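To start, the structure under review is shown below, and the notes come after it.
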Amino acid sequence: MEKTKRFIKTFLIIIGFLIFNIFIDAIVGLFVPGFISNIKTGNILNSKDFAAYGILAGQILKMIILTFFIKKRNKAFVAKLNRRYIQIEKIDKPIKLVGVGLGTVGFGIMFTNIITKVFAGSELLKSANDLMESVFKVNGPLDGIIIIFAVVFGAPIVEEILFRGVLFEELKKETSLKMTIFLTALVFGIYHFNILQTPNTFFMGLVLGYVYYKTKSIKSSIIVHAVNNSLVMVPILDQGLSPIGIVIYVALISIGLYSLKNLNKKTI
């Protein structure tokens with residue numbers, strides 16, 4: 001009976017979490033890009049070219065809501081467990097976290113190239129590419145700044161607080177540590193729902209969950225996420241599945257594995 005209750009609570013936490021995020025993304029994504037499009041082009045129908053504005057606006061709104069939610073949960077956790085809701089211990093040597101981020105970059109680029117090759121010509125791949133092009137379309141300097149800010153700063157901070165912070169801590173009360181890391185990674189993958197991102201973000205989510213657990217600091221997973229998002233935007237790193245590309249990816253993955261293996265609270 002107790003296991004059934006925990007299963008139901010776990011399921012409801014995940015569903016509620018997804019509904020919260022999808023609802024905000026849908027509402028903000030419906031109005032903000034259209035509003036910006038109307039200002040810049042005079043045509044609301046060009047809203048898909050300004051998707052990044054909607055993403056950034058959604059991140060800001062979520063952060064505002066999270067500020068109040070975390071403040072409330074902090075009081076409960078301090079009273080019951082004598083610790084913060086989201087752990088945020090000091091980071092002394094973040095270089096290993098940068099190494100872990102390099103590993104996720106190498107794995108992510110290589111895996112994305114494999115997916116692209118396997119699904120070449122499919123409607124799934126075409127839809128994913130169209131989505132990525134609309135998000136990263138640059139119509140001027142301001143658009144570029146918005147995209148960089150949303151990808152390099154907004155996503156790592158907000159997504160880590162959401163997934164490795166709120167979702168991780170809520171699930172950990174109901175299930176084991178391993179299952180918590182797995183489920184947060186799975187939901188992270190589902191949230192980035194397209195053939196190019198979902199498999200990669202699932203594996204990345206496993207790494208980020210482990211990093212948060214191992215270092216007991218949300219700042220650690222934010223750093224890894226930020227390094228990943230920064231470097232995937234560097235075109236020269238993506239050499240397809242060419243020999244030089246494989247060498248680059250394997251080198252980055254090796255650095256990541258070494259950093260992850262030696263990652264522990266005392267040396268961070």
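Including glycine, each Cβ sits where the backbone N, Cα and C put it.
Whatever TrEMBL says is automated annotation, not expert-curated.
As the structure is a computational prediction, the values presented were derived from the model and not from experiment.
Per TrEMBL, the features are:
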type	residues	note
TRANSMEM	12-36	transmembrane segment
TRANSMEM	51-70	transmembrane segment
TRANSMEM	97-120	transmembrane segment
TRANSMEM	140-158	transmembrane segment
DOMAIN	145-230	domain 'CAAX prenyl protease 2/Lysostaphin resistance protein A-like'
TRANSMEM	179-196	transmembrane segment
TRANSMEM	240-260	transmembrane segment
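Listed by sequence, the residues of this chain that lie at least six past the ends of the transmembrane segment (179-196) yet keep a Cβ under 8 A from its Cβ atoms are 10, 14, 17-18, 21, 112, 115-116, 119, 122, 124-125, 127-129, 131-132, 159, 163-164, 167-168, 171-172, 202-206, 208-210, 213. Model confidence over the domain 'CAAX prenyl protease 2/Lysostaphin resistance protein A-like' (145-230) is summarised by a mean pLDDT of 96. Counting Cβ pairs closer than 8 Å to the transmembrane segment (240-260), the top stretch among 12-36, 51-70, 97-120, 140-158 is 97-120. The highest tally of CB pairs under 8 A with the transmembrane segment (51-70), across 12-36, 97-120, 140-158, is held by 12-36. Long-range neighbours of the transmembrane segment (97-120) within the same chain, counting only residues 6 or more positions beyond its ends whose Cβ lies under 8 Å from a Cβ of the stretch, are 91, 195-196, 199-200, 203-204, 207, 211, 215, 220, 223-228, 231-232, 237-238, 240-241, 245-246, 248-260, 263, 268. Sequence-remote contacts of a segment are chain residues at least 6 beyond its ends whose Cβ falls under 8 Å from one of its Cβ atoms, and for the transmembrane segment (140-158) they are 50, 52-53, 55-56, 59-60, 62-63, 66, 222-223, 225-226, 229-230, 233.
In terms of DSSP helix, strand and coil, the domain 'CAAX prenyl protease 2/Lysostaphin resistance protein A-like' (145-230) has 74 helix, 1 strand, 11 coil.
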